[in-house]
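Novice: As listed in Swiss-Prot for this protein:
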- 74-97: region 'Disordered' (REGION)
- C160: active site, nucleophile (ACT_SITE)
- D332: active site (ACT_SITE)
- H334: active site (ACT_SITE)
Amino acid sequence: MNTVDIGQKYKRIVEYLWDPEPKNDDDIIEPVWCLGKEYKTSIPRDSEGAEAPESCNMPGMPFLSPMNQMSLSSRDTQAALSKPATPPHQLGIQRSKSREWPTSFLDDFESKFWFTYRSNFPAIPKSRDPDTPLALTLSVRLRSQFLDTHGFTADTGWGCMIRSGQSLLANALSILNLGRDWRRGSKIKEECELLSLFADNPQAPFSIHRFVDYGASACGKHPGEWFGPSATARCIEALSNECKHTDLNVYVMSDGSDVHEDQFRQIAGPDGIRPTLILLGVRLGIESVTPVYWEALRAIIRYPQSVGIAGGRPSSSLYFIGVQGPYFFYLDPHHTRPAVSWNPDSTLSPENLDTYHTRRLRRLHIREMDPSMLIGFLIKDDDDWKDWKRRLRSVTGNPIIHIFDLERPNFGRHLEREEAVDEVEALDDDSN
């Protein structure tokens, strides 16, 4: 084990023990955004006059982000260290102690759906493929062999990208069914109906069981294996097509970030655009996001059509929903909670509803983000489509997404497009 590995492991342990809530930094004068909504930070920080808590960083140490990307020697070692970025006593049911952030921003952040690891759900059958163990991390293999002997009853250590995808899809459906300005405490029945679609039960249309089943049959992903952004997007597309009553179309580009309007309209509706979720799997660099894409990536969260960004390294996927300056705010799926009993006709208790939301802020500097990600947009109608195209074409810096009127033909092996230089790389799950 080299010195770099030891240093990274030590840093990860420190991050787990010292996990201060981010402060509304005085040197960042920009507003904070949450999925297209802007919140000014110049309001009084504490109407009651109480002082904000001091940072918990260790003296003499630089700020450590809650989920700094690691450079580990193997996926097994990384999985073994994949502890939640939030200590157990700081889960979603605890209100934020910070008085520095605009209350309206915190209310909006808390109203976003947050899916995490769950345990004690109906077993997901194991694959009978003899090569399956080779695709699993060491911790998952051990748990499968000694604990979940009859199938997976928890997704700890392998389901974080699925949970991030569920969060993205649920918040898109929330905008359609509850409204963008919906906040917790209202429309409880409708909120419970939406959550029932994602229950950890094979009968629920967007359950982890359905994701795993489709991933195994169409994406080559074994039960217990970590999903990548591309496989997650394909699962969302297939499961949404099966669940007709959600009235949501899905347009997926897993081989790049080019959007072709003729293809999009075939899916969204040739006679008028109906609500359509656009999912783009991209890779914006090698080890980190290339700086030329920073501004375009920040702008994506500010678009009113944005439903967030899901992605990260294996065993470390996050769901990004906010931005301020160079920092991205995210929901962390790496917490294991008991599965909620599934009953589509019943209302969840306040305690169970609390486990799908958090007011606890977490953020990551853009330079620490992994370049592989799944970007989501919700286009509700023709006006939304026109506004989205206008915003994309006026972006500052290198654009991430390009829109074309027609699908372009495949280019020959020895032909090269002029604009192919410095282009966003298509995302392949196996590249991680």
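Including glycine, each Cβ sits where the backbone N, Cα and C put it.
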Novice: What is the total of other Cβ atoms whose distance to the Cβ of D332 (active site) is within 10 Å?
Specialist: 24
Novice: A 10 Å Cβ contact count, applied to the active-site residues C160, H334: which residue has the minimum?
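Specialist: Per-residue Cβ counts within 10 Å for the active-site residues C160, H334 bottom out at H334.
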Novice: How many Å lie between the Cα of H334 (active site) and the Cα of C160 (active site, nucleophile)?
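Specialist: If we compare the Cα positions of H334 (active site) and C160 (active site, nucleophile), the gap is 7 Å.
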Novice: Between the residue listed as 'active site, nucleophile' and D332 (active site), what is the CA-CA distance rounded to a whole number of Å?
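Specialist: Cα to Cα, the residue listed as 'active site, nucleophile' and D332 (active site) are separated by 9 Å.
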